[in-house]
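Visitor: Below is the structure I would like to discuss, written out as structure tokens.
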Amino acid sequence: MAVQQRKTVVTETTKTETTTTSTKNVDHQVGKTWGRDRDVSFGTILISLGILVMSPIWVCYTYISCNGYECAMSAPALEIYNAPDALVALKTLLARELPTFSPYAARLFFTWLTLQAVLYAFLPAQIGYGQRTPAGHLLPYKVNGLLAWVISHSIYAAGGLYFGWWKLSIIHDNWGGLLIAANAYGYFLTFFCYIKAHLFPSHAADRKFSGSFIYDLLMGIEFNPRFGKYFDFKLFHNGRPGIVAWTMINLSFAAAQYEKIGYVTNSMILLNLLHATYVLDFFYNEDWYLRTIDIAHDHFGFYLAWGDSVWLPWLYTLQSHYLVRNPVDLTPIQFAFIFAVGFTGYFIFRSVNHQKDIVRSTNGECMIWGKPAKVIRTSFVTSDGKTHKSLLLCSGYWGLSRHFNYVGDLLISLAMCMTCGTKHLLPYFYIIYMTILLLHRIQRDQTRCKGKYGKFWEEYMKVVPYKLIPYVY
Ligand code: NDP
């Protein structure tokens, strides 16, 4: 391999500061392509198996806690623990509390899925582009989620309030049956994508084979499974049936609370407001989402297929399930405090993500916090052997830490949970989960970016040493 001089690369848009270092040419590309050919250890396979088995059990457990025990998380476990015969108690509990199949709920779920697929495929759309994939593809995506959200919610509201086709609490009222239907679909999609990846992949060179069936099933093989040019499985399932439903589920649970106690608590209103802000922001900035880790990094397996179909709609909305069973009336000070935490988080989240987007779309020719953006100009090689250019922002929020956007997300998540008061732990599942997810994501991203950018990433880590919170972590 040639040894050559490399230009680094802290650029202020008007002034280029250049240091010269000796390094091997594209040394980060040798042998493996970044994001591919991962060696999977036995430990990773065991953890993967644990996730495959435990995730559905956990979703069912939370359903049982809420449905039968007013969302008291420990209650079902204690009932079994305290029973003279734990096995008999477990069987009795499951027979009594497990959700059952309902043809009506199944029709509801599959009508919803079909509606979202039709809206995704046929609504007018802008075409957005993701990041270049490791095999060198730059894929187009249909960006029309905001319109799909508006139409879906209009149908839901008109059907419930004007035509009387259903009660607004329809989702709450069919929650168990919907859970069964969503699971059936989530599993079908997981296995379908596993088989598709082997038999008729959309982009064969962008597949990742780990050598482990369990790991491949969990994390996926295909990077961008598609039907035709535009029906992208990842964007559709990440962004449509589950996320459009997120706000609708909350509204339905708010309607159920109204039916139950005669009014909607201010905590439920605040929760709906926080979730709606997050969801609408997602759709308003859908084009930005194409260049986040979900789309630019993750392959499509159980993690996303089942996760988007079941985990997200069931667990991200836990707080509204809780508030139906345990109405909380916040004092004006509590309300104002939670509102402030939530919207401070949102402000940070949006501003950080916007800085990255703007610096990339202007190729670094922009102002960040009133000063020319400081960037590290990088290059990387895709598996087709071509070299591409990119840049890493290292001023503004991105100079504070490498993932300051996660701080914003954690604050919003905390505020969502705080709407439920402090009586029970279950509604705090979301912030606990988000903390684990994002801390783990920092590690994953670190591995990926190091593989992709090599020495440039190390340079960046020296300029921006903190991962999340400046001077702390
Ligand atoms: P980022 O949007 O931070 O994306 C990370 C990627 O950005 C890296 O892989 C790299 O990709 C690029 N990058 C890294 N550093 C820089 C830099 N200094 N300048 C420019 N580009 C850089 O992370 P996520 O995709 O995880 O998150 C996006 C948002 O979504 C976050 O706000 C997060 O909190 C939120 N989120 C929400 C979840 C939820 O379930 N509610 C789950 C996960 C995330 P490359 O160089 O290849 O482009």
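Heads up, the Cβ atoms here are built off N, Cα and C, so glycines get one too.
If you look up TrEMBL, you'll see 1-21 marked as region 'Disordered'. Here TrEMBL flags 7-21 as compositional bias 'Low complexity'. The transmembrane segment annotation in TrEMBL covers 42-64, 104-123, 143-163, 175-195, 261-280, 330-349, 425-442.
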Visitor: Residues sitting near the transmembrane segment (42-64): Cβ under 8 Å, six or more positions beyond its termini, same chain?
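Guide: Counting only partners 6 or more residues beyond its ends, the transmembrane segment (42-64) has Cβ contacts under 8 Å with 73, 76, 93, 97-99, 175-176, 179, 183, 212, 214-215, 217-219, 302-303, 306-307, 310-311, 314-315, 318, 426, 429.
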Visitor: Going through 104-123, 143-163, 175-195, 425-442 one by one, which has the most CB pairs that fall under 8 Å from the transmembrane segment (261-280)?
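Guide: Per the Cβ count, the answer is 143-163.
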Visitor: What same-chain residues lie close to the transmembrane segment (104-123): Cβ under 8 Å, and 6 or more beyond its ends?
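Guide: Contacts with the transmembrane segment (104-123): 142, 144, 147-148, 151-152, 155, 170, 174, 176-178, 180-182, 184-185, 230-231, 236, 240-241, 244-245.
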Visitor: Against which stretches of its own chain does the transmembrane segment (425-442) lie, if we need a Cβ under 8 Å and a gap of at least six residues from its ends?
Guide: 62, 65-66, 71-73, 293, 315-316, 318-319, 322, 402-403, 406, 409-410, 413-414, 416-417, 467-468
